[in-house]
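Peer 1: Below you'll find the structure I mean.
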């Protein structure tokens, strides 16, 4: 995972399996988490921890154990790479389980601060739609995080980096993923005290198990949200270009609605198959939200926004409703955006309405003439 200030221009991305965005001007003050900040997080979130009787405390691993698990970080075990370092698939003999092991680059984008925040957050928080942190390693200058292994990779892999021969996501699976990701965000916003602002929601941070069940990952940028009569927390602007809420990019004032905006961008990606920022497109279509806003105003154009990879196999009413949710989430004014709980309600309903492509006609004509409808995902 990599970050750049949200207000900056998108830089060229390295072609890796994970985002290769660039983080700029990381200050030395970011390389540690203050004792008061850690204490506040621990005490404030302790109630959430105590409510989860099935919570598993993160284990500590030696570097030697993780080297053995990945066969000395062999290239064949590499499953992801980005500005933070590399992710390997490994087998933990001590727990008899397969795991994803993230080895942070000493000179990479994720410093000690982000490492500590992620260990702290994922040790205290537990929800089916959050990735499970198995443990970590802090031997000498080595920093590694050990997660449950998610065999289908990230949502980004299935929307934008589809390998040859891989079937695109069908409509039902897309709505299932959208609803699950929203539930993970709802847990952070509404089920913890104080709330947690994720701050880095994007397709590459939504991981999928072998049944396309989504889990949010990478909590290095997460912040404790406002409490009492405070409406926001002020922080240096960090995130990924294309996903940041405009008011956060301009002022550094972070709210729960900042996450809702980011979710709206992700939902648009799920529906349209387009990237949040795509420099390969014409000028007016490079920014997904800017491209979508004029189309939101004319329902007759909604079918133009459906991912061509769906080949017209989607429910028109479901498409309109999903786009309506996305449009509300990416409103420029944060007070006009819905609460994430309302988003969960809407998307859970859409996910429950199973679409049968064999029982309904193909919509539109955006796919190539003569292209046969795809078979249903098994």
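Cβ atoms are placed via backbone N, Cα and C, with glycine included.
Under the heading active site, proton acceptor, Swiss-Prot lists 200. Look at Swiss-Prot and you will find 79, 80, 81, 82, 83, 84, 85, 86, 87, 102 tagged as ATP binding site, backed by sequence analysis. Annotated compositional bias 'Basic and acidic residues' per Swiss-Prot: 18-29, in sequence order. Here Swiss-Prot flags 32-47 as compositional bias 'Low complexity'. The domain 'Protein kinase' annotation in Swiss-Prot covers 73-350 and is backed by sequence analysis. Among the features that Swiss-Prot reports, N-myristoyl glycine is placed at 2, with the record citing similarity to another entry. Marked as phosphothreonine by Swiss-Prot: 62, 235, 240. For 147, 248, the entry in Swiss-Prot reads phosphotyrosine. Residues or ranges marked as phosphoserine in Swiss-Prot: 204, 234. Here Swiss-Prot flags 1-49 as region 'Disordered'.
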Peer 1: List nothing but the one residue from 79, 87 whose Cβ has the fewest other Cβ atoms within 10 Å; the candidates are the binding-site residues.
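Peer 2: If we count Cβ atoms within 10 Å for the binding-site residues 79, 87, the smallest count is at 79.
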Peer 1: If you measure from the Cα of residue 200 (active site, proton acceptor), which of the recorded positions 62, 81, 87, 240, 248 is the nearest?
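Peer 2: Checked the recorded positions 62, 81, 87, 240, 248; minimum Cα distance to residue 200 (active site, proton acceptor) goes to 240.
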Peer 1: According to DSSP, folded down to helix, strand and coil, what is residue 200 (active site, proton acceptor)?
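Peer 2: DSSP call for residue 200 (active site, proton acceptor): coil, neither helix nor strand.
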Peer 1: Helix, strand or coil: which one is residue 81 (ATP binding site) in, per DSSP?
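Peer 2: In three-state terms, residue 81 (ATP binding site) counts as strand.
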Peer 1: Please report the DSSP secondary structure of residue 248 (phosphotyrosine), reduced to three states.
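Peer 2: Where residue 248 (phosphotyrosine) sits, the three-state DSSP reduction gives helix.
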Peer 1: If you count the C-beta atoms lying within 10 Å of each candidate's C-beta, which of the modified residues 62, 204 ends up with the smallest number?
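Peer 2: Per-residue Cβ counts within 10 Å for the modified residues 62, 204 bottom out at 62.
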Peer 1: Could you check which of the recorded positions (81, 147, 240) sits closest to residue 248 (phosphotyrosine), going Cα to Cα?
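Peer 2: So, of the listed recorded positions, the one sitting closest to residue 248 (phosphotyrosine) is 240.
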Peer 1: Spatially, which candidate from the modified residues 62, 204, 240 is nearest to residue 85 (ATP binding site), comparing Cα atoms?
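Peer 2: Comparing Cα positions, the candidate nearest residue 85 (ATP binding site) turns out to be 204.
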Peer 1: What is the separation, in Å, between the Cα atoms of residue 204 (phosphoserine) and residue 81 (ATP binding site)?
Peer 2: 11
Peer 1: Would you identify which of the modified residues 147, 248 has the most other C-beta atoms lying within 10 angstroms of its C-beta?
Peer 2: 248
Peer 1: C-alpha of residue 87 (ATP binding site) to C-alpha of residue 147 (phosphotyrosine): distance in Å?
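Peer 2: Cα-Cα, rounded: 10 Å.
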Peer 1: Name the one residue among 62, 147, 240 whose Cα is closest in three-dimensional space to that of residue 79 (ATP binding site); these are the modified residues.
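Peer 2: Nearest in space to residue 79 (ATP binding site), counting only the modified residues, is 147.
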Peer 1: Could you state the CA-to-CA distance between residue 62 (phosphothreonine) and residue 81 (ATP binding site) to the nearest Å?
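Peer 2: Roughly 22 Å, rounded to the nearest whole number.
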Peer 1: To the nearest whole angstrom, state the Cα distance for the pair residue 240 (phosphothreonine) and residue 147 (phosphotyrosine).
Peer 2: 22
Peer 1: Return one of helix, strand or coil for residue 147 (phosphotyrosine), based on DSSP.
Peer 2: strand
